Structures are given as structure tokens and as C-alpha cells.
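Trainee: Sharing a structure with you now.
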Amino acid sequence: MAGGQVKCLSVIGFSLICLKMVASTKTAPKIPAIDQAYSKLSNSITVEWATVPGATGYLLTARDGNAVIETVVASSPGTVMGLKAATLYQITIRSISPAGRSQASPPKQAKTVLAAPILQVSSPSPDSILVQWETVYMASGFSVSIMRANGLGRIWKENTTNTSLTFTNLDAGTLYTIKAYAWNASGTPGDDSTCNQRTGPRAPANIQVSFDSGSLKASVSWAPTEGAFNYTVMALTDSSRLSCSTTFSSCTISSLQCGTEYLISVLATNDAGSSRSISAVTLKTVACAPGRVTIQEDPPGHLSVAWSNMHLGDYYVAFVKNDDGLEVHCNTSLTQCNFLSECGFTYFISVFAYNKAGQSPLGDVFNYTTAPCCPGDINPVLVSSDRVEIVWSPVRGAELYETKAVDGFSVVECNDTVPACTLSALECDTKYNITVYSFSEVRGSNTSCTSRFITTAPCSPEIKNVSKDAFSMINVYWRSTNDEATYTVTAQGEKGLHRCSSKGESCTLWGLPCGSVFSVTAVAETPAGRSLPSYSVPLETVPCCPASLTVTQVTQSVINVSWTVGTGAQTYVTVLESHTGQSKCHTHQNHCLLGCITCGINYTVALKAISATGLTADCGYQSYSSSSCCPLGVKLYRLVPNGIRIYWQASRGSANYSTDLYGSKGIFTCAPSAGLSFCDITEIPCGDVYTVMVSPVAEIGLKLTFCPKKIYSVTCSGSTLGMVIYRGKRNAE
């Protein structure tokens, strides 16, 4: 290296000589002399020297073994930077001018001071700051000082050979400035380190907790703490943690759980750390809504509500409200309450747990529907032999009614939504146990409803026979299986009703009019009601006899029998009978001609009225005498001066006669004395034609007109009656 430098110097000198020879004479600057070299910073050495005239700059060189660091400065003092701490350097200086550089000054040794300790600062408590650092090379000890960052107050300074130091009795939440440096064995201080550190905030105190049971929130407040930037409120349990943060002195924690015990603490925080409140406040929230709620109705009318015991529950209140709005409640420290209940109501049941924090949240609202009420006024409105119609008042809670009629093992049912039922297909004269059950979809049937007995109306009797006895009484016989029934037989016709009653199996109808058709039915009656009528049996009475009968002689051998109409009669039989024989006529009219009658004979007349079905009424007998026979041989004889004698020949038997002459000039009549067979007409006009009829006179004085008539012509002779001339016979009219 020296040879090299030398060579470098000789060449340079030659060059300089050449330049000097060409341009002018120029010399290198003088060699500076170092006055002192010292280190104030661990990475630099400051050099002081006397100024060299003509020098425009200086080249400072620090050498540590093979390591060389150079720095050009303008004037004294100058500092070489980028050095290693606590290291001994050889320091030289050269002056620089336009003519070149001087030779290096004689070296001077200088050692860099110790490096500044690297501080780690923290505030372990609100009134202390912990300063820590790593060991500094070549350090024999350390000096650490602390003071408020705002410059107020005293300065604490501590020397130590350790690598940590704690300052206590500081103000909480206050920003401090910490300065530290190391010194070597000779006591020379090294670089210092400065940092700021705030003490931790003081623990929050006077914590107040207000719990809102409705929203399950807790409002936490505390006294403000100096130096706290923010606060965190924590609610802790064994399994959960809830918190809220704020810069103020209160905070609300939401979403708390019912039935939980929380430890509430407040953490004050700043950039130095945090401080937790010394003691936690215990918060017991409201108990949770009771669970496993069971509702039973046993016996009916008594409602039992039970629930599980709840953590933190001091006592319980059960509320029961029916759908009419009436509410009752029960306060108990147990887990069961009993209430009176009514049928047909829906009860809404809720149970709350209570403690000092308040009421538990609303749990499930249970509804319990009691069995519908039982109908209490079952009234039969119709009871027949095979049917019972009953009605009742609607009852609360019933959606459907089930009606059952039980007779031994036989059951008849009907279901309907209306409060009425018609039970059909029942047995007659049978006692049924009838129960109406109310039904609801929720609760089913109320099986506690009472029953009542209803007996159906008696069975209809069956008419076995209807007979007539000799006294025109109608006997009706029937068959029935009813117990203790009264039977009424009714004969109904156009002429009214006729009844008879009996508790047995027959009765007699009296006074039925003749000539009538009746429908005969029988009805049974018991206290339960009346049966349906039996099947009707037709009954026809014999036709009525005519009210009057008249026999009229039509001719000598023919009579006319007439009668009034007999009710119910369709045909009639008339019998005329005497010792000489019988004459009969069967007709549907109300008169009949009977021939072959012998005149002057006593007859008996009988009449029978016959109905369309052949019933015959034998009507009473009547005696009748046929008229006397018409006289024979009627002749006229002239009497003087103007009379005529009428003569005839009497018939069998004794009879009275009447003689009539019919002419244009008048009618002339004469009646003979008893027993005579002629009579005289003393004055009769002549010159006329006369019709002469001699007739027997009936016992009642009726003159018969069916005898033959004869015509005679009476002539005049002067002033007297002339000849009587027979002109012929004229038929009876």
C-alpha cells in the first residue's frame, strides 16, 4: 500500500511540476492539525482543527481496522457520521484546495459514545410506568428520568445497572416523557432515548346498574375516570360474555338472557392499557317464563295449572282469562294454582315468574277449552210411536249435539248442529233413556250430561174383527201389545163420528145410522201419547127403510107400490102376499107395479131395502086390501019424467059404489044405499051423450077410476026424456 501510495504521489508530483512549469507555480495546501476529536453521539465523531489558509474543504477519515469512513466538510468542526457505537477510531484530516489535497494529518484516536438504550415502556398500573431495555454494548450503567410531558411538576431520575426500572406513585391517566442513556466505565454518557408513555386510567368506581325487565337491557353508569379514552362494560357468565363500549360514563347492554346472573364490570381504556373496576356488580335478570305448563280439569269445574320451577324465580303469578273477558289470577311461591272453571269457555292462561328485577318475559299463552255445557231443558215436542222430537236451549261451547236413545242393547243416535233432534225408527210403547251430549272439536263430548226417560207412544192396535149382533150393535175386536193403554175406536162416515173406548181388546159402537159407510179405526193412548191409527176397516150399516110406503090400485088386477128412498139402499124387493098367492117385484126404483091381484082380497105388503154390497134391511109389514071388483052388467034405464036409473051387478064381497055420468052439459053423480046395486039420477038433460062409470069406493073414500066406462045416448021425446041408447064401451082412463 505504501509503495502504491508513494507511486501515486510521485506521479502526482510530476504532474504538478509539469503544470507548474506550463501554467504557473501552484503548491498543495498545508496539512491541518487536529485540535481535538470527540464523540457526542454513538454514530459520529466530531473533529476540531485550525483553519488552513487556502483550503476550500477538508477530508475527514475515520478508520476502524479495515473499515474506512470518509467525510468532506467545509470547515471546522466537522463530523464523521455512520460510525459504530463504542468503537475506537483513528481520525485523520486532509485539507483540500484547487491545488490538491494535503497530506493526512497525524492521526488522533477518538471513541464513539455508547448507543442509546432501546426502550420498552408500559404502564402496568394506573400509578406506575415500567421502563425496560436491552443491554447496551460497553455500558456500565444507565440513567433514566421521567417527567410530565407538559413540563409541569418534578423530574424523577434514577441510575441503575439493571435493564428495567419502575416509576411508581405517578398520576393515573397522565402522559409522561421518559429519557434514558447508558454510560461507560469512565462515566461518559451515551446517546439518550426519549419516549412518551401514559399511565393507565384509574379503575371505574361507583358503578350503578339499572335493569329494564321488559326489553332485557341493563343500563350501566359510573363515575368518569381521568385519562380514560373509552370504557367497555362487560356482563359475564360462565358461558357467555356481553359487552358494550362508549366514550361516555354510561352504556346499555342489550340481549341479556332471562334467568341469568351476570357479573357487571367496567373497563377503562387508554393508549397505555386498561383498568377494570375493582369489584363486579352482580345483576340478576328476571326469571324466564315458566315452562312445561300443564293444564288439567279434574274434576270438571276445577282447573289446575302447573309449571316448572324457574331459576331466579321468587314467586309466580298465573293469569286466567276467559273469552268473555273476565280475568282472575293467582299469586304463589309454589308451582301450581287452582281455579274455578265453567263449562263451554275457552280460557287463555299465562304464567309469569317474578323477582326483584321484575316480571319474566311473556311466555307461551296457553288456551284451554272446557267441555261444552250440557243441555238442561230437554223437552219432547213430539212423541209418536216410532219417533221422538226433542228440543233444548243452545248451550255455551257446543258445536255439535249428539243425542242417544238407549233401550237395553239398542241404541239410536242423531247428530246435529242445531239444538233439536228427531229420533226415528224407535220401538213403540218403549221406554228410552235419552241423553243429549254436547260436543266441541277441541274437547270432544261432555260425557257428564244427565239423561231423561221418554216412553214412545203406544203401538197401533190391529183390528181383528167387526161384527154386528142382533140388536144392531157393532162390536169391534183388536189386538195390541201395549201396557196399560186405553183404546178408542172411531167409526167415521159422512154422518159423523161414533166412538167407543175400552182398556181391553174390544168395545161396542151404538147408534150408528142406517145406510151409512164408515171407516173404523182404533187408537191406543197412554200417558206417553197416542198411537197412530190402526189400518181402517170399512163398515157398512144396513140400508135405511123407506120412511113411507104407498099402495095404489092401478087396475083391478094391478097395484102400484111406491116408497120414499131409503138411504144406502140400491135396490128394493116388494112382496105382496095373500092366501091366494104371492106377487114379488125387485127394482132399483122407488116404485113397483104388482099384477095378478085378486080384487077384494086382503094382502100383506113387505119391503126389503138392499145395499150395493147386499146388506138387506127387512122393513116393516103392511096390510093392504085390494079394491072391490068392478061391477058387471051396467045398464041405464029411463025414469019418468027426466030421470035415469043406473043398474049393475055387484062383484064378490061387499063394497060401496059410486056412479058418475059425464056429459057435455055436466057431471052427474049418485051413490046407492048400502047393499043396493043401483042408483037413480032424477034430473038429467036429454039430447046428450053420457059416459057412465060405476066404481067401487075404497075404505078411505077414494073413488077408483079403473072400472070400464060405457057410453049412452039419451034422446028427447017432446019435453021428456026419450030413449036411452047404448053407444059402446070406453076404456078407463
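Cβ atoms here come from the backbone N, Cα and C positions, even for glycine.
Just lifted these from TrEMBL, have a look:
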type: DOMAIN; residues: 115-202; note: domain 'Fibronectin type-III'
type: DOMAIN; residues: 203-288; note: domain 'Fibronectin type-III'
type: DOMAIN; residues: 289-373; note: domain 'Fibronectin type-III'
type: DOMAIN; residues: 374-459; note: domain 'Fibronectin type-III'
type: SIGNAL; residues: 1-24; note: signal peptide
Trainee: Provide the three-state DSSP residue tally for the domain 'Fibronectin type-III' (115-202): helix first, then strand, then coil.
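Mentor: Counting residues by DSSP class gives 0 helix, 50 strand, 38 coil.
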Trainee: Across the domain 'Fibronectin type-III' (374-459), what are the DSSP residue counts per state (helix, strand, coil)?
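Mentor: Across the domain 'Fibronectin type-III' (374-459), DSSP assigns the residues as follows: 0 helix, 45 strand, 41 coil.
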Trainee: Take every residue in the domain 'Fibronectin type-III' (289-373), average their pLDDT values, and give the whole-number result.
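Mentor: Mean model confidence (pLDDT) across the domain 'Fibronectin type-III' (289-373) is 93.
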Trainee: For the domain 'Fibronectin type-III' (203-288), DSSP counts of helix, strand and coil?
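Mentor: The domain 'Fibronectin type-III' (203-288) comes out at 0 helix, 50 strand, 36 coil.
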Trainee: In the domain 'Fibronectin type-III' (289-373), how many residues does DSSP assign to helix, to strand and to coil?
Mentor: 0 helix, 44 strand, 41 coil
